[in-house]
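Report on one structure; see the data block that follows.
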Amino acid sequence: MLRLGYDERAAALLVFPVVAVLLVVAAFPILYSFWISLHDVVLTRPLRRPFVGLDNYLRVFADERFWIAVARTTVYTVVTVAATTVLAVLVALLLNEAFPGQRLLNALLLLPWATPSVVNGLMWKWIYDPSYGLLNGLLVQLGVLERYRAWLGDPDLTLLLIANAAVWKQMPLAALLLIVTMKAIPEDLYRAAKVDGAGTFRRFLHVTLPALRPGLMLVLVYETMISIRHFDLFLIMTQGGPGDASFTLSWFIYVETFRSLRFGTGAALSYILAMATFLLSYLFIRFLGRRL
Amino acid sequence: MAGVLARRGLLAATGSAAALGAAGLGARAARAQAGGTVNFIGWSAAVDQVRAQISAFERATGIRVNYENFPWAQFRTALVTRLVGNAPIDVSWISDAWLPEFAEAGWLANIDDIPELMKYNAEAAEYCTQSMRYRGRQYGLAYYGDHMSFMVNAELLQRAGIPQPPATWDEVVQASLRIKQQGIAEYPLLLSLAADTWLIEFVSALVFSHGGRFVDERGEAVMADPARGAVRAARFLREAIHTHRIVSPGAVETAEINGLRAFGSGAHAFAIVPTYRIRALNDPSQSQAAGRIRLALMPKGGPEGTNETCGWIRFYGMTPGAKNDRARRERAARFIEFFGGRDTAGNYSMQKLLLTDLGLPFCTLPLNQDPEVQGFWTRWAGEGGGAVIAAQSARTRKKDVISPWFGEWVETANQAWQSVCLGRAEPEAAMRAAAAKWTELRRAFR
């Protein structure tokens, strides 16, 4: 039998309140929402909530909207994560150099990240506005466009435009994480590479990039988790439209849960999304992490 | 010494004032205690007017009111979660679109056995009363009732040499093309087709004026029927956007409030707008087109076309929790009467206040004879504007898709309409998808 000493007992006592709070506010809701996902819970029919087992999951998989949402979410996540990562690497490379105004640029870089998500969404919605938007005004004045156009009303562009708004906000944090990683690269490696005759590009390819792997993995995992579950921009900018152009998984969950008030299928969808997020993160860590 | 006395005097005066204040507060609390409390929940509209009426109600009855409000976009969800959680709500604003699902869920109490409320049916527009009825029972008194109106910018029509507002949707197309060719407006017809709660009301107005229906009298989906369904209206929309280019492709991201602003900017000749917006549109402090916006009957669409439009009402509903408790029921009934009927002085004060302050039309027939009300319509809708509103009211239908599954079906329907507007779906196919969802939900409800 395990016998705890005074220190262990004191530690357990001190940790207990936090564990209790976590059980109440995290573990219980997670388990309860799984329980709900096994029932046909429709809020507008409060007197019936039959146990349906995995029917909600099967119903979701059989729903054409689910596969539309999966496709939209995949496109959005790939575009957002790729653009964020590439831009963050470029910005990190720039800010890792010493030049006049570098500190100011460092501070300015953080502004988008510090902007609240709702403000970010509204700002970009106004920029894309078909009647008075900045983008239209700029492109018409530059002669690129003949007349104003409805950017977010074009289903071929909607996801990309929302992704652009997301990248604008998320890139600074990713760049910051990469700068921190870059600062840790020993200067000797660059000197040695120079001595060996490596140019700027080869130094980036053979010194910087391999050393950036831990930071890149962190950025990839974090950005994927954020993008795959992104909701606020879709709520503010397009409400899943036009048509189903921005009908992503998180939007589907919102519609099913808070508009159709089908909490059973909403919970099932949430679990599917959570599992997908977990699986992707696991794969990133498993395959990228092994090379670290 | 004098200083000490002065300080004592000040302390005494302060103490007395505090005591008097406390006594006053105590008396008010006691009155409120004696009168009890009504818990009222509404969406964030007409907040100042509601607060003013609440003050009048509290003064007149001694009943205190706890008033909460939430944004319209989140209201249904906020209300449902409170009702599911048995929150102590006595009275709530309800949309006619939610009535069947709320009544089926047991969240609304009928008022058939409350004669002091039912007596107002004698003075209410029949359409309004019908909109508050479900399965033969009535569930409240009207907050306001309105319909979609066809509005024109008289100045743009005059500049284009169009003497009369068009009477059919074909004429709207011809007039719009003329306006467009003359360079007066790029998109003469303004439609707000964002996928929000207003979309079904806009498209219902189009469907009804094209002589179509979403469902028949038995509740069967006929929206995909080319002869009597919504297909003609859907085809009109698609052609207006993609063939004639008289409606902006940006209509799919234009919410009702943005449409109002765009029409008020004077950039469009025709629009479908809720009638109550006429006040804002002709108010120089809110609209650049002020004084130029006039009302016309909803144009007829095609050979089966009518001047019919879509109407809606919002009403004061009582919860079963309030109705089942005698004291709460009495207080809630007095509240509903004061707001949705006559106040204690015998006036329809709330309805008049909502009209004169915000332009919200009422369901109360006697008020139509009120000189102030007539003056209001003449001022904001122009000479004859009141008559057009009355004529359109007589040709107003409530949404035929109101059902216990409306909230779920409308998500699919909105997507179908937007797909048509984007040119991504044939009108027939889109309406078939909406009809299939309707049938599926209807079967599941049984």
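For all residues, glycine too, the Cβ spot is worked out from N, Cα and C.
Remember, TrEMBL labels are computer predictions, not curated facts.
Copied from TrEMBL, the annotated features are:
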type	residues	note
DOMAIN	A:70-284	domain 'ABC transmembrane type-1'
TRANSMEM	A:12-35	transmembrane segment
TRANSMEM	A:75-95	transmembrane segment
TRANSMEM	A:107-127	transmembrane segment
TRANSMEM	A:157-181	transmembrane segment
TRANSMEM	A:266-285	transmembrane segment
Range from A:12-35, A:75-95, A:107-127, A:157-181 with most C-beta pairs under 8 A to the transmembrane segment (A:266-285):
A:12-35
Sort out for me which stretch, of A:12-35, A:107-127, A:157-181, has the most Cβ pairs below 8 angstroms to the transmembrane segment (A:75-95).
A:157-181
Other than its close neighbours in sequence, what residues sit by the transmembrane segment (A:157-181), given a CB gap under 8 Å and a spacing of at least six beyond its ends?
72, 75-76, 79-80, 83-85, 87-89, 91-92, 95-96, 109-113, 115, 117, 120-121, 124, 128, 151, 211-212, 214-216, 218-219, 222-223, 226-227, 230, 233-234, 237-238, 241-242, 245-246
